[in-house]
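Asks: Supplied in structure tokens, the structure appears directly below.
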């Protein structure tokens, strides 16, 4: 199988999972004791007639499987339903909020990768030396500390105490500088970064710590590999061994973990967007939950799960592309 | 660190007979492993505090009759015991910690805006965080073990069906899934019990996958074949032979997962979907203190440190266990 066919195959494979996700979210949303209408009308003086009207309006008087099929028919056409609370299209609501979340998650990943890989390699190289011990303690703290608390501490130190960085909201690089009253693109860029730094670190620390631990273990294992011994026997310089032979093999598990950890990062985005007041998908999800806006909740859950599935597929393909040993999809 | 030992071991095949016979050896290794030992110290410390809060609460209940939870009430004077409120204007609200110039040893970590002693609340917070962490992980472990063992043992369409279901649950980020579950199932008024079930369900996939892959290798063992030939029922083979022999790697994972659970539940309570006020829970305390972040900095600091220490204990112990049991469990 070629890479293109493998890619198509992986995407086709994802379809049952996506259908499963839609069923799961639909069932969850309908598990509610009482019915969605009563939830929607919470706090509103509603008589029986009004309830029936709303039910008819949203087709809630029909059996669940019919409603599910309707919902799916809409989904296929890109219609994710209607947000009762905001009186807006769910799809367009999500589209308007997805940018900040992607910016946040991707920059958190960039931060995690840029820091974890060099640190992991150095720790592996200087195993059981002070550097190794310190970096392992840092990694341990990183996987043990709630991201939102790191966010709060960062705000307290760098925004409140020192006043160096802003503590809320992002500057969107895709908007024009005039919107923010910035003087040209350089200031626009600098402001984007300044707003991004704290949430990025808060969300990225867990990823950094996880990846650092994996990188270290993989490098240690890789440096003990037969091919490294052979290269050493041939007199290949240690630097070349590290860079070319040991490094490449050690990165493969990292790719897989980057994909799988997207799940934690997307969940973490809800918390970080809450702490830093970022108007992204996570914040929208939080608001939808508070308002029990169930069409919107279903829509966001679907989108976030889809993002995760696509992320995993991309990393799988990257893995297959980089590792020459993989025969696309024939195993299993 | 037991790095030296793990190297020696990594030559032998993981997951074979040594695992079963090696419980005593494992214990010895754990004792020798510095990481595991420190993890154990921290866990013991936190569990001791939890035990103290439980005993303290119960003893007080015995002594003071029908007070729902006296010790907890001590930490929460305003909500449950209005009569304990100091007269207006004399409430010890917002007392800073003892090391602060305005602080006193009467409230070592100060008080919160409701005048509740923060140290007491932190101590009682261990009860909720630890018990929720343990209970939810246990639920996920049991659920995952059943699903994984059945899927791995029967194979075929059962396996396909269960694993597709597991993949589906796995595809939704745990925090999102748990929030959706708790809010909808509780009908819009979430609390800790729903959170435990939600976390348990969200963690079924990770355990199911590990158990399944273990079962797949155990299934081919001679003794399973022998049991089958002797006419032992499938259910008994799974319960008596397959699961016990697949358990070692799962235990390591479960220990590490307790840390993840506490982390997630803290996030859940922080957003207001887990423990509800006035229950003293670290995540809930961070949520309450969030509105006072600028005026009362210390309120946001202590619960976070408590969470960090607790999770670190489980992570240290899990790491040590991993080294002691099976060096190659990561892959």
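Quick reminder: no glycine exception, Cβ is built from N, Cα and C everywhere.
Heads up, here are the entries from TrEMBL:
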- A:98-319: domain 'ABC transmembrane type-1' (DOMAIN)
- A:12-31: transmembrane segment (TRANSMEM)
- A:102-125: transmembrane segment (TRANSMEM)
- A:137-164: transmembrane segment (TRANSMEM)
- A:252-276: transmembrane segment (TRANSMEM)
- A:296-322: transmembrane segment (TRANSMEM)
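Walk me through the surroundings of each of these features.
Replies: When Cβ-Cβ distances below 8 Å are used as the criterion, the transmembrane segment (A:102-125) is approached by residues 131-132, 135-136, 170, 172-173, 196, 199-201, 203-205, 207-220, 223, 242, 247, 251, 254, 258, 262, 265-266, 269, 272-273, 278, 280 of the same chain, each at least six residues removed from its ends.
Sequence-distant neighbours of the transmembrane segment (A:137-164) (same chain, 6+ residues past either end, Cβ-Cβ under 8 Å): 198-199, 201-203, 205-206, 208-210, 212-213, 216, 268, 271-272, 274-276.
Tertiary proximity for the transmembrane segment (A:252-276) is limited to same-chain residues at least six positions away from its ends with a CB under 8 Å from its CB atoms, namely 100-101, 104-105, 108-109, 113, 117, 146-148, 151-152, 155, 167-170, 198-199, 202-203, 206-207, 210-211, 214-215, 218, 282-283, 285-286, 304, 307-308, 311-312, 314-316, 318-319, 322-323.
A Cβ distance under 8 Å defines the sequence-distant neighbours of the transmembrane segment (A:296-322), meaning residues of its chain 6+ beyond its ends; these are 3, 6-7, 10-11, 14, 17-18, 21-22, 25-26, 29, 71, 75, 80-81, 83, 85-86, 90-91, 93-94, 98, 248, 251-252, 255-256, 258-260, 262-263, 266, 281, 284-285, 288-289, 328.
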